[in-house]
Amino acid sequence: MSVVLVKIAIAFFGSLVTLALVRFRHLLSQLSFRQQGPVMLTSFILLRIVPFLIVYIWLKQESGSDVPVFYDAALHALQGDVVYRDFWTPYSPLFPYITAIFLPLWNSPNAIILLMILVEGATLWLTWRVYQTEYRDIFPRMLIYLTLVGPMVLCVLGGQEDIWMWFFGALSVLVWQRTRDSLWIGVVLVLALMVTKALPVLLLLPLFFLVDKPFRYAVGLAVAGLPALGVLVALVGTKFTAPMSIAELPFAPNLWTVLSPVIGDFRPYSRTLLWIGIGLTVVVTSLGAIILKQRMHYAKALPILWTLCFCFMMFIHKNSFSNYAFIFLMPMLINVMDFRNRRLLAVLILFNALVVIQPSYWWRIHNPLFTNWSDLLSRENLIEYGMEVAILGCLVYFMIHLYRIIGHGHYQAANSPVEFPSTR
């Protein structure tokens, strides 16, 4: 349980830093554009690179979580093996080859964690640059993101890759701003599917209802997707569907693990629940897209829609787990979070602490699924179940807030162009 205690300490002190930054966010907004870059870079080094050096270079800790899986697949990729045919991976076909980039220089799982940190940094930089013209407070919001304990621990200690998905989300905003052509949004989404994991498929249909030119978007999907699919089939046949098998594994927390003491063991009909979760996520996100399209343009709507999609997925999908928070926390801070709302801020802080602590605790009590009330009689199990309920409660609160934003137009940040202070 020492790892759990360390994460509790990180969550406590990290939350204090986040609250301090929220308190002084208006002062940060006064920095000129020229000053913001160095401050952002310094903050990233202090909150990501320095912890990496302390944990893996100075303390010589071994990487855990999914990193050994990444490393094994990357070694196969480095040898020129063909993904899905010569080795298995639960991720997209290009993912193992990208994670192998640093291995010729540093053949260690830690090289993959460093890559994950750098990709998060690139995503942060891209999001900051893309949204500078949309929201005048994007700079303090991205600094606040850096202090959140959820992304910090999931990236540095967990080596998680989920933030890669939002990199392509921000990239789609960039190409839309440059071209105003929905075709390129389709192309970028195909790239996301080829590089990250299967989850961006949940946005295929909702984005059709969100973009200005839906048929151009469909053309972009076809132009990029059909050749990629053809190459995959030619190389590995239908083996590229292998990552879908991970959807059969039970994880926690989600709606079904919280309800299972009431409804009993849900695993015998887990495939039905899987498709129910996927279907409801697509339907709810599509409805959100239809409404958002009437209220705002693509760049402003996407972070809201993205947060809705993956919040709801994390809630309803029967094998969702805490790491999925890493998918939506950065876009959530763009224009979903209202830092004047103390209750919403408290829920955000609590949620980040829980998604850091709960996975480690769950694994260390042998990843239980509670199928009867009697399972909760032990203190360890009751603590775990309490954290699962609390995480689900936070997600419900976020979704209620999203409903108010989407349904009633109470979205946060200013619509006027940004005017930066003089550098003099």
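Including glycine, each Cβ sits where the backbone N, Cα and C put it.
Computed from a predicted structure; not experimentally measured.
The transmembrane segment annotation in TrEMBL covers 6-25 (among others).
Using a Cβ-Cβ cut-off under 8 Å and counting only residues 6 or more beyond its ends in the same chain, the transmembrane segment (37-59) has close neighbours at 28, 31, 110, 113-114, 117, 120-121, 124-125, 128, 139, 142-143, 146-147, 152, 155-157. Per TrEMBL, the feature transmembrane segment maps to 37-59 (among others).
Annotation comment: TrEMBL describes 143-163 (among others) as transmembrane segment.
The transmembrane segment annotation in TrEMBL covers 183-210 (among others).
Under the heading transmembrane segment, TrEMBL lists 217-236 (among others). Outside the transmembrane segment (217-236), and at least 6 residues removed from its termini, the chain residues within Cβ reach (under 8 Å) are 82-85, 93, 182-187, 189-191, 193-194, 204, 207-208, 211.
TrEMBL lists 272-291 (among others) with the feature transmembrane segment. Same-chain residues lying 6 or more positions outside the transmembrane segment (272-291) and placing a CB less than 8 Å from one of its CB atoms are 202-203, 205-210, 247-248, 256, 266, 301, 304-305, 308-309, 312-313, 316-319, 402, 406-407.
Only residues 6 or more beyond the boundaries of the transmembrane segment (298-315), in the same chain, are considered here, and those with a CB under 8 A from a CB of the stretch are 130-131, 134, 166, 169, 172-173, 176-177, 185, 199, 202-203, 206, 210-212, 254-255, 277, 280-281, 284-285, 288-289, 292, 324-325, 327-328, 331-332, 334-336, 392, 395-396, 398-399, 402, 405-406, 411, 415. Residues or ranges marked as transmembrane segment by TrEMBL: 298-315 (among others).
Feature annotation from TrEMBL assigns transmembrane segment to 321-337 (among others).
For 344-362 (among others), the entry in TrEMBL reads transmembrane segment.
Sequence-distant contacts of the transmembrane segment (382-400) (same chain, six or more residues past either end, CB-CB distance under 8 Å): 252-255, 257-258, 261, 307-308, 311-312, 314-315, 322, 332, 336, 344, 347, 350-351, 354-355, 357-358, 361-362, 365, 368, 370, 376. What TrEMBL lists as transmembrane segment is 382-400 (among others).
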Range from 6-25, 143-163, 183-210 with the greatest count of C-beta pairs under 8 A to the transmembrane segment (321-337): 143-163
